[in-house]
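Asks: Sharing a structure with you now.
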Amino acid sequence: MKIEMKNISKSFGTNKVLEAIDLTINSGEVHALMGENGAGKSTLMNILTGLFPASGGEIEIDSEKKIFKNPQEAEGFGISFIHQEMNTWPDLTVLENLFLGREIKNKFGILDTKAMRKKANFAFEQLGVKIDLDKEIGNLSVGQQQMVEIAKSFLSDLKILIMDEPTAALTERETERLFSVIAGLKNQGVGIIYISHRMEEIFKITDCITVMRDGLVIDTQKTKETNVDELVRKMVGRSITDYYPPKNAEIREIVFEADHLSAEFFKDISFSVRSGEILGFAGLMGAGRTEVMRAIFGIDKLKSGTIKINGKSLTINNPAQAIKEGIGFLTEDRKDEGLVLDFSIKDNITLPSTKDFIHHGLFDDKTATTFVKQLSERLNVKATDEEQIVGSLSGGNQQKVVLAKWIGIAPKVLILDEPTRGVDVGAKREIYQLMNELAERGVPIIMISSDLPEILGVADRIAVMHEGEIAGILAKNEATQENVMQLATGGQ
């Protein structure tokens, strides 16, 4: 199958988001689609798969004009889109998820479970993976759930597969498994559109790259004919000389202390963070990093241990108490835990600090609006105004709104869990710069990251976790990818 998108444009009201886009996808090819968040990548793919119509231009499939009315019609034609937030039902089994809305029935109108099992097993065999069809999706790893989504696309004679940030939440082993599956699909003649910000992956598995910026296609070229610096320059319209901006914060007295913390998924965790310091937390998925931070913030219960801020012992049983004590927590899942997607930017940013805008029993909207405007400008949130619905923003701008929410409480300590996950290269640097500015103001920052180059480039010290314990804490001058991974995998 050959897809040609010709002169595609799209406007939402007066806002033009795509202009004169040309894109060609061939069978048996892995085609990277790159660009900053808000460049128009997802909009272009949503037009291709029929989620909404183009304002102009045309789509040809094997030289015939084609317009899909909805994603289901596109899937029936062999074009599947696996979104970053997967479309699965956690309480249903693998088999039920695979055939939801496409159940096979016998001539009596009764579900033909045997036929569905046979078809499901064949799909997984083609992928080279084994998954229990009777297991609930919610009990699978993210990598396994992704394989279910790919298997689902096999049920409709897959010809083109679109993947949006597919490795964002995968372990290293699951990522390698995915790359193996992609290679197999490519050999079977499936065309793959691969949306990612991860340069290493792009150069490892793709054949060609299309770069978008501000709703335009900047360039399309063979992967082997370009390099990281050139791609970054095309994506952001400028050269990023210091990918990790220099940090000038003075590291002073200890502000935050965790002493012998233990809970269900971790034990005997002790560490401290100083004023102006960025303490990184590294480790493999499942090591317990997020669980430690959730307990500190009062989401999960501690079994033992003490938490101190400025030498004062704290009792934190819920997030409201944590916020009252000056702890901010940007969670790893911004869409489910960090934001109310149907609320405005203003409503989201003021959520944890609403009481500060209550005067004589009434909400002071004017003061809140000024407050939000100042924060949005400081973080360079790209939006029409503070009333724009957060769900309509790009991933990078959504992340900035979550950051603004916690900066707005003037935190005594700020916890950031995967702060740049799913964020483009330009927005990443803005987040790093913001972290440096907060550190310069004396805010201690705890940052969890699964991106080793990032944590090495940003953190002053790195605590490495392995199987629920801190395996070691490394100073910046002794931290390398090799010794971090050695500690993370149980080495000494």
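Note: Cβ is positioned from N, Cα and C throughout, glycine not excepted.
Per Swiss-Prot, the features are:
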type	residues	note
BINDING	Gly35, Glu36, Asn37, Gly38, Ala39, Gly40, Lys41, Ser42	ATP binding site
DOMAIN	3-239	domain 'ABC transporter 1'
DOMAIN	249-492	domain 'ABC transporter 2'
Asks: Taking every protein chain shown into account, which of the binding-site residues Gly38, Gly40 has the largest tally of Cβ atoms within 10 Å of its Cβ?
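Replies: Ranked by Cβ atoms within 10 Å, first place goes to Gly40.
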Asks: Provide the three-state secondary structure of Glu36 (ATP binding site) computed with DSSP.
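Replies: Its secondary structure by DSSP: coil.
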Asks: If you draw a 10 Å sphere on the Cβ of Gly35 (ATP binding site), how many other Cβ atoms land inside?
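Replies: For Gly35 (ATP binding site), the 10 Å Cβ neighbour count is 27.
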Asks: Suppose we draw a 10 Å sphere around the Cβ of Lys41 (ATP binding site). How many other Cβ atoms does it contain, all chains included?
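Replies: The answer is 23.
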Asks: Determine the minimum-neighbour residue: among Glu36, Ala39, Ser42, listed as binding-site residues, which Cβ has the fewest other Cβ atoms within 10 angstroms?
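Replies: Across Glu36, Ala39, Ser42, these binding-site residues, the one with fewest Cβ atoms within 10 Å is Ser42.
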Asks: Give the three-state DSSP assignment (helix, strand or coil) for Ser42 (ATP binding site).
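Replies: In three-state terms, Ser42 (ATP binding site) counts as helix.
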